[in-house]
Amino acid sequence: MANPSFWTQANALLRKNLTFQKRNVKTNVQLVLFPVILCLLVFALQCVIDTQFDKPEFKCGCVCRNNRTRCADSEKVCGIQYSDLLQAALCAIPKPPQWPPLLQLPEPSNRAVRTASLPFSDFPDASCRITDSCPLTMLFTAENHSLAQTVTASMFGSALSMSDYYDRDIYATSAMNVLGSDSAPGQNNFIEPAFSTGLPIYYLQRNCSDAEKFGLSLPIADNEVELKCAQALNLWRNSSSEINSELYKGYYGGNTEGQVNEIVSAFDFLNSNENRYNVSIWYNSTYGRHTNVLLRIPRSINLISNSYLQFLLGPGTKVLFEFVKEMPKPESNFRLDLSSLLGTLFFTWVVLQLFPVVLTSLVYEKQQKLRIMMKMHGLGDGPYWMISYGYFLAISVTYMLCFVIFGSLLGLKIFTINDYSTQFVFYFIYINLQIALAFLVSSIFSNVKTATVTAYIGVFGTGLLGGFLFQFFVQNTSFPRGWIIVMELYPGFALYRGLYEFAQFSFEGSISGTGGMKWQNLSESTNGMKEVLIIMLAEWIVILFAAFYIDQILSSGSRKSPLFFLKGFQKKTPFPNLDTQMQVSKVFSQMEKRDVIQEKEKVEELLREPTINHAIVCDDLKKVYPGRDGNPDKFAVRGLFLSVPQGECFGMLGPNGAGKTSFINMMIGLTKPTSGAAFVQGLDIRTHMEGIYTTMGVCPQHDLLWESLTGREHLLFYGRLKNLKGSVLAQAVEESLKSLNLFHGGVADKQARKYSGGMKRRLSVAISLIGDPRVVYMDEPSSGLDPASRKSLWNVVKHAKQNRAIILTTHSMEEAEALCDRLGIFVNGSLQCVGNPKELKARYGGTYVFTMTTSSDHEKDVENMVHRLTPNANKIYHLSGTQKFELPKEDVRIGDVFQAVDAAKRNFTVSAWGLVDTTLEDVFIKVARDANAFDTLS
Ligand SMILES: *[C@@H]1O[C@H](CO)[C@@H](O)[C@H](O)[C@H]1NC(C)=O
Ligand SMILES: *[C@@H]1O[C@H](CO)[C@@H](O)[C@H](O)[C@H]1NC(C)=O
Ligand SMILES: *[C@@H]1O[C@H](CO)[C@@H](O)[C@H](O)[C@H]1NC(C)=O
Ligand SMILES: *[C@@H]1O[C@H](CO)[C@@H](O)[C@H](O)[C@H]1NC(C)=O
């Protein structure tokens with residue numbers, strides 16, 4: 001039969017995996033439900049939030065009259081001017097209102113006064129603070145003092161000037177006079193808070209008359225504002241550095257008293273003259289530092305320009321600054337995109353969720369030793385990796401598609417607003433990385449439960465650490481970027497960062513309407529996505545290679561050294577010889593029985609003229625386990641010579657711990673021989689195990705089965721691995737099931753988890769025989785079987801051995817006798833005898849066993865009687881009246897024994913007696929006892 005091709009193997013594995021997946025409906029549904037439920041949860045919360053924000057308080061400009069919180073619609077007044085600041089931001093404003101331009105003024109209690117640290121005589125006395133009537137100070141300096149003096153002299157008028165044309169109109173007033181407010185500015189100019197907070201508006205004058213201090217009111221929008229006079233002081237300073245130091249000292253904490261001494265603004269005329277206007281202006285920007293507000297600066301620029309113009313062209317000239325106003329804008333809704341806010345943490349969990357799934361599946365095959373079982377039946381590493389990887393990738397891609405599509409259908413912004421191609425690339429690279437990582441991590445675990453628990457702790461821990469620690473570092477701009485990159489080397493954080501960036505873009509994009517992340521955004525310095533993609537891609541490649549490399553070492557048992565890829569460079573050492581054993585072997589060889597020596601000679605002859613006819617040839621095979629913790633080395637197999645031709649079933653008998661399993665493990669490639677060689681179909685087990693696997697069948701001592709696959713599916717899989725196809729495969733599986741009693745009562749289509757121990761055993765045997773392997777190893781195939789099943793198993797093996805070599809270990813002499821053409825008794829790591837059952841019995845069983853039971857008074861009489869029959873009789877057993885003797889066959893005739901017993905019966909009461917020819921069991925016990933006796937001697 002041709003060796004199965006790469007694609008045959010891949011096909012077999014793929015079909016098995018698909019069946020496996022089909023069985024796991026519950027797990028699959030749970031898996032897909034998880035993202036769906038999370039998406040629905042986010043969606044539901046989003047709906048709640050949206051309905052909350054649909055209420056009037058979050059809509060443009062309607063309030064109840066008289067400041068009531070609830071009222072009928074008819075009692076409401078609407079319009080931007082009734083909106084508070086939040087609402088105003090949402091209003092449609094086709095015609096933004098005009099607002100009188102204002103100066104930013106310090107509050108009366110903060111206005112600059114004379115103090116110990118600001119001892120200038122021109123500052124007002126601190127007593128003005130009691131009446132809240134402190135003047136507003138402005139500082140100025142220039143290269144030409146007289147020029148500056150002249151210019152600033154005309155800055156403020158001496159009386160409130162009202163144009164007749166705009167009588168008592170705030171805009172006209174603000175254009176003709178300098179108005180200011182000490183209220184905090186807003187974020188835009190749709191609403192000027194100065195006119196709605198109820199604080200007075202100040203008009204600045206050189207001096208306020210007593211009458212003016214009480215103020216008057218002017219209409220604006222629907223309100224009346226109170227207009228109050230405030231005195232403005234223009235103070236000359238010799239240099240700009242002086243101004244600087246005064247401003248600094250006035251600032252909270254700048255002076256020793258811890259007092260605030262605020263100055264409205266300061267001007268430096270620099271080198272200005274009649275022909276040149278060059279001014280710098282100081283203003284207080286602290287208002288805007290945290291809340292991103294609009295500063296009231298334009299009026300101060302107009303103020304100084306206007307004064308300069310009047311200096312040039314005379315007091316009649318004025319540049320009137322009537323109002324400020326925003327650009328028109330459409331109405332917007334207040335929307336809080338929850339998917340972006342919560343998304344990062346939730347969706348990190350969703351994506352990480354795949355990791356335990358892949359890991360568990362890999363560890364399961366490892367725990368159940370299924371990987372090695374598949375390998376022993378010919379599955380190569382190439383197809384295994386390709387299909388396993390592709391299979392997990394397909395599952396992951398499906399899962400992610402469900403997730404993204406479902407999220408998009410629900411309209412979650414994080415999916416809909418970001419570019420789908422960036423999302424695809426990001427998720428695709430990540431799931432690849434995650435699968436490679438699972439392959440790598442699976443080598444650490446040997447137990448599914450531990451792996452699952454650890455993986456889930458990892459998933460939730462990563463999410464939480466990401467949300468509460470990593471994100472904090474990312475947002476903190478002073479945290480060194482280099483360390484963030486280092487943290488992103490942990491794939492969970494890389495995922496978190498990527499999702500975080502998507503969320504940032506979708507959140508900001510949905511508010512500002514600019515859209516989410518696109519490819520060109522990757523180049524932005526604040527966008528961490530580029531680094532994340534590079535890190536993940538590089539890590540994926542590295543981890544994939546590492547995982548493959550470690551898998552090569554582990555999956556092949558100890559056959560490959562960790563440096564296996566250097567093998568080509570290493571000098572091939574001649575056969576290693578182990579001097580330690582030489583001594584022992586020599587002693588043994590003297591003791592060796594004729595048949596064992598014959599076997600050795602046969603092997604040597606075969607090796608001189610290799611023929612394919614001998615399926616198995618073992619040449620001085622040895623296995624030594626190095627002693628640990630001061631124990632001596634353990635010789636599991638000490639120099640085994642054996643040849644098994646095609647068509648023979650060779651039985652290996654031996655007590656527990658004799659080395660049978662060590663021998664089988666070497667032959668099936670689980671362990672490497674310490675020295676010696678073995679050839680299977682002419683291929684060396686040390687170098688060509690891969691080739692041997694394709695012609696080999698193994699029934700291991702412990703059943704290695706997939707719990708959720710049926711018996712038929714197992715056989716189909718292994719059959720395909722062995723290159724069976726189509727109707728041949730179906731027929732082979734059918735026959736195999738029938739012959740091993742697995743066909744009736746639907747057993748074949750039950751999952752293996754429901755099988756009894758015996759059924760599993762029969763399935764294992766069926767697996768080892770499917771696909772016509774040339775060599776089959778069966779490690780105690782019939783253990784745990786009921787007599788009927790055992791009989792049918794024997795028939796199968798008998799039938800199977802016709803055209804293949806079978807090595808079978810067993811504890812059942814009956815089985816050995818029934819099945820095996822030749823037997824070897826294996827004790828203490830070496831064969832004690834080899835031969836067919838009859839020969840062995842004849843050679844070792846040259847005795848009859850005579851048993852007689854009497855009352856204990858007559859034991860001596862029995863003994864005497866036996867010694868009369870033959871003086872060479874040997875007592876082997878004695879217990880309260882029952883005695884067993886071995887009688888050499890050449891000394892006694894059966895007739896004599898009967899006569900002696902008849903005579904004895906006349907003398908005393910014989911309750912029972914018997915005479916048996918030797919059984920194989922006797923041979924076995926005898927051989928084992930002899931070998932052990934030798935062992936204690938040596
Ligand atoms: C300063 O300005 C005045 C006009 O205001 C001018 O007459 C005078 O020459 C200037 N002084 C210098 C030193 O430029
Ligand atoms: C500015 O300089 C003049 C002389 O150049 C001096 O008399 C005056 O005291 C100085 N003013 C201040 C506030 O230092
Ligand atoms: C600027 O304004 C803030 C806020 O009112 C105030 O705390 C600070 O002292 C002012 N700074 C100066 C230099 O006046
Ligand atoms: C304005 O003043 C600054 C500072 O003294 C000076 O560097 C700059 O050249 C002046 N500009 C003009 C046009 O003279």
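Quick reminder: no glycine exception, Cβ is built from N, Cα and C everywhere.
Keep in mind it's a predicted model, so treat the numbers as computed, not measured.
Per TrEMBL, the feature transmembrane segment maps to 29-49 (among others).
Residues annotated as transmembrane segment in TrEMBL: 341-364 (among others). Through the fold, the transmembrane segment (341-364) approaches residues 27, 31, 34-35, 38, 41-42, 45, 370, 388, 392, 395-396, 399-400, 403, 412, 414, 427, 430-431, 434-435, 437-439, 441-442, 445-448, 451-452, 455-456, 458-460, 462-464, 466-467, 471, 492, 495-496, 499-500, 502-503, 506-507 of its own chain, all at least 6 residues removed from its boundaries and within a Cβ separation under 8 Å.
Within the chain, the transmembrane segment (384-412) has long-range Cβ neighbours (under 8 A, six or more residues past its boundaries) at 9-10, 13-14, 17, 21, 31-32, 35-36, 39-40, 42-43, 46, 339, 343, 347, 350-351, 354, 357-358, 361-362, 371, 374-375, 420, 423, 427-428, 431-432, 434-435, 438-439, 548, 551. TrEMBL lists 384-412 (among others) with the feature transmembrane segment.
Residues annotated as transmembrane segment in TrEMBL: 424-445 (among others).
What TrEMBL records for 451-470 (among others) is transmembrane segment. Non-local neighbours of the transmembrane segment (451-470) in the same chain are 344-345, 348-349, 352-353, 355-356, 359-360, 363, 441-442, 445, 487, 490, 492-493, 496-497; each lies 6+ residues outside the stretch with a CB under 8 Å from one of its CB atoms.
The transmembrane segment feature in TrEMBL is assigned to 482-500 (among others).
Under the heading transmembrane segment, TrEMBL lists 532-550 (among others). With a cut-off of 8 Å between Cβ atoms, the residues of this chain six or more beyond the transmembrane segment (532-550) that come close are 385, 425-426, 429-430, 432-433, 436-437, 439-440, 443, 485, 488-489, 491, 494, 497-498, 501, 522, 565.
TrEMBL lists 616-853 with the feature domain 'ABC transporter'. Confidence over the domain 'ABC transporter' (616-853), given as mean pLDDT on the 0 to 100 scale, stands at 84.
When Cβ-Cβ distances below 8 Å are used as the criterion, the transmembrane segment (424-445) is approached by residues 351-352, 354-355, 358-359, 362-363, 366, 389, 392-393, 396-397, 400, 404, 451, 454-455, 491, 494-495, 498, 502, 529, 532-533, 536-537, 539-540, 543-544, 546-548, 550-551, 554 of the same chain, each at least six residues removed from its ends.
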